[in-house]
Amino acid sequence: MDPALLREREAFKRRAMATPTVEKKAKTESSFTTPKDIKKPRPASAAPKIDATNYKTMSGSSQYRFGVLAKIVKHMRTRHQEGDDHPLTLDEILDETNQLDIGSSVKSWLQGEALRNNPKIELTADGRYLFKSVFKIKDGKSLMRLLKQHDLKGLGGVLLDDVQESLPHCDKVLKNRASEIIFITRPNDKKKILFYNDRTANFQVDEDFQKLWRAVTVDAMDDAKIDEYLEKQGIRSMQDHGPKKPLLPKRKKLANKKRQFKKPRDNEHLADVLETYEDNTLTQSNAVQEIKQNN
């Protein structure tokens, strides 16, 4: 062998020994390996995702159902207040409210349950729908007739909110009939009440009486003090007025009945014998008394 090649071989070995090296350990395979074909099970009752495109067609949302119903009731009230009193079918109502894209389940719910049982919707004989107002009034004459009936029967006034809901073009009618109606604001909830203005009950009060009425203050006086003051002034006309105290019913006294001696029931079979004995005894005693008197 060529000596030059041997020298190069020895030099290569020395360089290789001088160069540090890191050994790479082989990875130990685990004893258990999960198979790749096994998939994790998904829950069976997974809720469907809500998409903006199919939100209106979802029939399970109760909030959506009642939203559709509220829109229908509001539309029916508005058209009644505007004077449209002809009934509509469900398809016509959905067309006017721009809700033709509702699902079939929501439509059947509206037709079979919601609109039929709603207190503000009235179902006609031919299957159409109307707005059901509080009062059946259409114009100013029917309104005044209603107020007169309440006044005659002592039913009081009528809420302005109920009149506005029932009467078409309410503001115009109330403006034209302002002289025939009295408006009173209720102090507890600040709602306005309408009363019939009965002009036959108007009368002129003397100014002197008005001054006396306004000068008398009875805010800090109770009924007992007012009665005492009226008695001192010689006024007794108010005794029969005001709340009366209920009178307790008086108990009847039982009459004292004389006690009657009851004969013993054991000797009823000897009643005739006892009567004969008593009669003989009385006769003998009377005869003895007569003999004594004669002697």
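Glycine is treated like the rest: Cβ placed from N, Cα and C.
TrEMBL does not curate its annotations; it predicts them automatically.
Among the features that TrEMBL reports, region 'Disordered' is placed at 1-47 (among others).
Counting only same-chain residues 6+ beyond the ends of the compositional bias 'Basic and acidic residues' (1-13), none has a CB under 8 A from a CB of the stretch. Positions annotated as compositional bias 'Basic and acidic residues' by TrEMBL: 1-13 (among others).
Positions annotated as domain 'TFIIE beta' by TrEMBL: 57-138. For the domain 'TFIIE beta' (57-138), the model's average pLDDT works out to 87.
What TrEMBL lists as region 'Disordered' is 234-270 (among others).
Among the features that TrEMBL reports, compositional bias 'Basic and acidic residues' is placed at 234-243 (among others).
Here TrEMBL flags 247-262 as compositional bias 'Basic residues'.
Break the domain 'TFIIE beta' (57-138) down by DSSP state and the numbers are 41 helix, 7 strand, 34 coil.
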